[in-house]
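Here it is: the structure, laid out below.
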Amino acid sequence: WASQVSENRPVCKAIIQGKQFEGLVDTEADVSIIALNQWPKNWPKQKAVTGLVGIGTASEVYQSTEILHCLGPDNQESTVQPMITSIPLNLWGQDLLQQWGAEITMPAPLYSPTSQKIMTKMGYIPGKGLGKNEDGIKVPVEAKINQKREGIGYPF
């Protein structure tokens with residue numbers, strides 16, 4: 001799973017105890033939180049001993065009474081004992097993100113700064129495809145070495 005930073009927030013799916021949930025990747029959250037309206041009624045929960053900080057004031061805060069089996073977005077095995085409260089969407093916190101091996105990377109630019117300036121002046125928009133409708137390739141074509149020494153430039 002990968003997500004480019006954009007105006008859209010990074011969400012991914014996880015399967016907890018066989019049920020699929022979609023949640024926001026939240027590197028600031030220590031624990032994962034499931035929205036109360038998505039928590040299955042037959043799954044046990046208890047009033048949380050500690051409150052939640054950073055999501056405003058939540059009057060009802062619960063925690064799963066059990067440690068639950070979870071599959072991450074790329075089927076990474078993990079366990080979670082999530083908090084449950086009235087929030088608009090689920091949050092995947094560091095308790096799961098660490099088990100999934102999540103990392104934030106900033107790849108090196110594919111092109112030199114000079115070539116990026118030239119392309120921008122020509123109308124290229126980063127992240128969009130090349131071409132009139134911006135639907136062309138988004139990454140450079142990878143050169144392949146001709147090991148057989150056949151074809152253009154080599155005698156037959």
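Using N, Cα and C of the backbone, Cβ positions are placed for all residues, glycine too.
Pulled from Swiss-Prot, these are the listed features:
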- D26: active site (ACT_SITE)
- 21-96: domain 'Peptidase A2' (DOMAIN)
- 111-156: domain 'G-patch' (DOMAIN)
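In the displayed structure, how are the listed features positioned relative to their neighbours?
In sequence order, L91, W92, G93 are the residues near D26 (active site), counting only same-chain partners six or more apart with C-beta under 8 A.
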Per DSSP, how many helix, strand and coil residues does the domain 'Peptidase A2' (21-96) have?
6 helix, 29 strand, 41 coil
